[in-house]
Amino acid sequence: MKRRQFITKAGGAGLVASGVVGSASAQEGESDPRTGSGTQDDPYVVEMHTDGSEYLFDPVGLYVEEGDWVRWVNASGSHSTTAYSPSNPNAEVSLIPEGAEPWNSGTFQEQGATFDYQFQAAGTYDYYCIPHKTLGMVGRVVCGEPGGPAENNEIPDDVGSGILPDSETIVEEKALAYPYFPETSGGPLPSLALGAATLFGLGNVYLLSQTDRFSGRYDQDATDDTEIE
Ligand SMILES: [Cu+2]
């Protein structure tokens, strides 16, 4: 899914409270939003971007089957794709299934650089970009079905939860473009955010989400990250 298309879709965020968008985005017969087919030769693709002051994985949520391949492409800026595993830089917790092989591409400077990984263990995988983790550059892959420590790491019930989709939604939608906003209100803050979207337009939601990302759960174990472009 192209980012622009998603922005169009997210523009209707004000309708979420009534459930209209929830059904529209999961229409039957809609084509698979994933790029690629998951094979080694034609892997699913996640782009890594710097877009103004935003640093992002797109799609931010991706569903794969066991044995599927994913390719991260450094589309703009300098990024890494790095699994939450204590064996990786600045990750003090494991947020990948038990027995899964942690990955770390290292930080790419070169545009177009790629990193491929084959998902072999079922469960939920949270990952991040080394230089931009503290700015909210995180992503999630669900392989087969949700499970593992990432599922116990509760996504905060606030606007920041728009950054990292919940696993059930990933299973349902197969790919969720950045930025993701929850379709069901899990508390007052998402409703407020959606209200803001209705009243003031999508730009305000970006600002809200930007603000929240600086206080998100991923900040706590990454205080010594250096930031590069
Ligand atoms: Cu990055």
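Think of each number as a place in line: the chain as shown, counted from 1.
Placed from the backbone N, Cα and C atoms, the Cβ positions cover glycine too.
Features reported for this protein in TrEMBL:
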- 21-43: region 'Disordered' (REGION)
- 46-142: domain 'Blue (type 1) copper' (DOMAIN)
- Cys129, His132, Met137: Cu cation binding site (BINDING)
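His132 (Cu cation binding site) falls within neither a helix nor a strand when secondary structure is assigned with DSSP, and so counts as coil.
Residues in the domain 'Blue (type 1) copper' (46-142) partition by DSSP class (helix H, G, I; strand E, B; coil) as 3 helix, 42 strand, 52 coil.
Sequence-ordered, the extra residues of this chain that approach the Cu cation site, with Cβ no more than 8 Å from the Cβ center of Cys129, His132, Met137, are Met48, Tyr55, Leu56, Phe57, His79, Ser80, Tyr128, Ile130, Pro131, Lys133, Leu135, Gly136, Val138. Other Cβ atoms within 10 Å of the Cβ of Met137 (Cu cation binding site), summed over all protein chains shown, number 28. Within 10 Å of the C-beta atom of His132 (Cu cation binding site) sit 27 other C-beta atoms, taking all shown protein chains into account. The domain 'Blue (type 1) copper' (46-142) scores a mean pLDDT of 95 in the predicted structure.
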